[in-house]
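Asker: Before I ask anything, here is the structure I am working with.
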Ligand SMILES: Nc1nc2c(c(=O)[nH]1)N[C@@H](CN(C=O)c1ccc(C(=O)N[C@@H](CCC(=O)O)C(=O)O)cc1)CN2
């Protein structure tokens, strides 16, 4: 599932893989409803009118409903105060119909995103950004795992038949949202993990030693074809809006046309990691519901 061969490496079809995961979630939700009458609920909070965020939130809302779950969309004005946002989070924490809470990022600059994230009940933190979930992940305890790295790991495990053990993984980028949890997940799969970032001195050389290369820096086309070890699996997390020939396009952090001839497999942008983010969010919501009610989901 989810892999097309082209001259050079394989293109990993994230859209197809995500569709399969969403089907799987929908089947489990239907089974749960039949058995218990209960319906998992996801609350998504959007502050302001950033166009890309509005699209992502709309998509989350639609896909949550399509999977048979309750979706609660909260759209707040751009000048919402920290106190009002925290009060909403408090209400959602206490609402028994809400099993997952997500605050769409980025928030307007006057708001303290860190305080908002730490205000979410860790058991409802389906983004996996709360410090408790970060700590649980890094100590090997059951955690809600950030959606984008979780989606990357699923694509990698599928490509590699489930076994990543002993492979050298290089993660370019050290954000709390992608780079660090990605590194933790790869470590938990027994990879040897290197994290490269803007101060790393020999990033191209390091990348050339990677069996698995995950790039999440937000710099269009940073990773060139000659940074890639022949046959490596390349996961491009970048979603960068650029103007090409006067038209707005989305490109990744990897120079795709160069890289695909060297890599053994590569995710495209769009159509690679992005769709997995929302599919994993719904999967996390189901996981959160199961843990809150001590109901096995699988
Ligand atoms: N609270 C969060 N905020 C943000 C997250 C997140 O995981 N939690 N991630 C990103 C945005 N994001 C989801 O919220 C997201 C980004 C991209 C895609 C996606 O499917 N991309 C498509 C292209 C879509 C387009 O044309 O714009 C693709 O790559 O194929 C889904 C979700 C930041 N904020």
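Keep in mind that glycine also has a Cβ here, set from the backbone N, Cα and C atoms.
TrEMBL lists these features:
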type    : residues           : note
DOMAIN  : 12-127             : domain 'Tetrahydrofolate dehydrogenase/cyclohydrolase catalytic'
DOMAIN  : 146-292            : domain 'Tetrahydrofolate dehydrogenase/cyclohydrolase NAD(P)-binding'
BINDING : 173, 174, 175, 239 : NADP(+) binding site
Asker: Of the binding-site residues 173, 174, 175, 239, which ones put their CB under 6 Å from ligand 1?
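Answerer: Passing the 6 Å Cβ check against ligand 1: 239.
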Asker: Largest pairwise Cα distance, Å, within the listed NADP(+) binders 173, 174, 175, 239?
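Answerer: Taking every pair of listed residues, the largest Cα separation comes to 16 Å.
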Asker: Of 173, 174, 175, 239, which of the binding-site residues has the most Cβ neighbours inside 10 Å?
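Answerer: Highest number of other Cβ atoms within 10 Å: 173.
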Asker: For residue 174 (NADP(+) binding site), name the DSSP secondary structure in the helix/strand/coil scheme.
Answerer: coil
Asker: As a quick check of your reading of DSSP, tell me how many residues in the domain 'Tetrahydrofolate dehydrogenase/cyclohydrolase catalytic' (12-127) are helical, how many are strand and how many are coil.
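Answerer: Result for the domain 'Tetrahydrofolate dehydrogenase/cyclohydrolase catalytic' (12-127), in helix, strand, coil order: 62 helix, 20 strand, 34 coil.
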Asker: What kind of secondary structure is residue 239 (NADP(+) binding site) part of, going by DSSP in three states?
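Answerer: Looking at the DSSP assignment, residue 239 (NADP(+) binding site) belongs to neither helix nor strand, so coil.
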